[in-house]
Amino acid sequence: MFGTVVVGVGIAGLARIRDLMNPMPSSPSEHLKLFGFVSRRSFGSINEAKQISLEDALRSKEIHAAFISTENKTHEETIRMFLEAGKHVLVEYPMALSAKAAHELWEMAEQKDKVLHVEHIELLTEEYKQLKKEVAGKDLVKGTLHFTGSVLDENKTGFPAFSGIARLTWLIDLFGDLTVTSATREMQKDKNYSRMTVHFQTANKKPLTWIEERGPGMRREKKINFCFTSGCLENFPQAPRSAVGLFMQDQNLFAKKLLGQVSKEELAAEKWRILRCLDLAEVIQQHCEQPEKICS
């Protein structure tokens, strides 16, 4: 059994507490036992899970792994603390708000022989699994992924290339390695509006565009337009509803890693994808923050 603690009790943290307390029968998650949760706010207990201090969580010999569900800006520091304390770590994406920090943390986990698992539930949705099947084996001509959503507090969530890394992860997972050819950001501060536009090239020199657009009242939505030599895909394929929740699927994957049930090849591929996306996010931020690139 692996004793666990949940750090942060926002939407994701509450889902983690729920799933740790109600593991799927006969799943790897049955090897995880929740010892409590850490929060800056005072709760006492949530669904019979008791609140403990950060110091106790770091010090406890009964806690082997931390589930980090705090604000993006605190991920790096919190991961570092738990790795230094000799704990395994599951963290919600993005694992850090700089590529350098992400590489350092991964190196630290490997040196300490600890699992560092970054949640990317966007790859576990039935919608995405169907899309991946649809795209498999086709030759891309060009493509666009356009995301819209409500306003974020960037002091907490980081630059849009990091807070929106789920979209970048899709593109890398679907089309392989990418190179940033240009990236710009339009901001209308008086309207609290932001639009980041990134142009990539695939390894085969095919163009891909990622648009991340946020403003007050904007619906959370993804639109695709992927054109292949065989035709264009403009709508997501129909997908059945999964019987297993996304956080539970992710939790099972983390537990499998703790149990040594994930191959070295899979782990290496996942490490490359996560760090490559963070490298690209940083390149995008650098492009957008060049003075002549900003429209405000």
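Backbone N, Cα and C define each Cβ position, glycine as well.
Long-range Cβ contacts of Val9 (NADP(+) binding site) within its own chain (separation 6+, distance under 8 Å): Ile17, Phe37, Ser39, Arg41, Phe43, Ile46, Ser69. Here TrEMBL flags Val9, Gly10, Ile11, Ala12, Ser39, Arg40, Arg41, Tyr93 as NADP(+) binding site.
Look at TrEMBL and you will find Cys277, Cys288 tagged as Zn(2+) binding site.
Sequence annotations record features per position, and here TrEMBL assigns domain 'Gfo/Idh/MocA-like oxidoreductase N-terminal' to 3-120. Mapped onto DSSP helix, strand and coil, the domain 'Gfo/Idh/MocA-like oxidoreductase N-terminal' (3-120) counts 47 helix, 30 strand, 41 coil.
Per TrEMBL, domain 'Biliverdin reductase catalytic' is recorded for 128-240.
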- Task: For Ala12 (NADP(+) binding site) and Cys277 (Zn(2+) binding site), determine the Cα separation and express it in whole Å.
- Result: 22
- Message: Using a Cβ cut-off under 8 Å and a sequence separation of 6 or more, which residues in the same chain sit near Tyr93 (NADP(+) binding site)?
- Response: Val118, Glu119, His120, Ile165, Ala166, Thr169
- Item | Site of maximum Cβ density within 10 Å, from binding-site residues Ile11, Ala12, Cys288 | Cys288
- Query: For the domain 'Biliverdin reductase catalytic' (128-240), DSSP counts of helix, strand and coil?
  - Reply: 30 helix, 50 strand, 33 coil
